[in-house]
């Protein structure tokens with residue numbers, strides 16, 4: 001008798017509670033919680049002698065900047081224009097000067113040079129010095145550059161060979 005549209009009120013109530021529980025669970029187990037990293041994973045080189053522990057927020061901000069600004073050419077740590085030089089720790093350590101720390105990477109994002117350090121790449125690689133050419137870098141400040149550099153270093157540590165490893169790994 002109390003059926004509305006052919007559905008028993010008790011079934012409607014149970015369905016409503018189930019939907020609420022599933023929705024509430026999704027909100028609490030979302031992507032933000034999935035990106036929480038251990039402190040050891042967020043510890044990266046600040047310079048050649050010091051390390052720094054990045055906050056989850058710094059890594060998340062760096063990820064957002066990387067996706068919006070860098071991922072077109074550096075998807076999964078690879079380098080579109082030169083697959084032989086990636087954003088892996090091995091390649092960053094092998095650069096001249098080394099780019100395996102936040103401050104060195106920030107320097108590169110301001111004044112990019114070739115892997116051997118000999119050639120100025122300011123007209124070929126996005127940077128903040130030539131923001132007239134590279135509009136994607138125009139609004140990035142020092143903190144943004146540090147966050148995106150930290151994100152790259154964290155990914156290189158956490159993902160290992162999958163970061164910059166190419167199609168055979170990803």
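Backbone N, Cα and C atoms are what each Cβ position is placed from, and that goes for glycine too.
Listed in Swiss-Prot for this protein:
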BINDING   70, 73, 74, 125  heme c binding site
SIGNAL    1-34  signal peptide
> Under a criterion of Cβ-Cβ distance under 8 Å and sequence separation of at least 6, what residues of the same chain contact residue 125 (heme c binding site)?
Replying inline: 112
> Within 8 Å of the centroid of the Cβ atoms of 70, 73, 74, 125, which other residues of that chain place their own Cβ, given that this set defines the recorded heme c site?
Replying inline: 69, 71, 72, 79, 80, 126
>> Taking every protein chain in this structure into account, which of the binding-site residues 70, 73, 74 has the most other Cβ atoms within 10 Å of its Cβ?
In response: 70
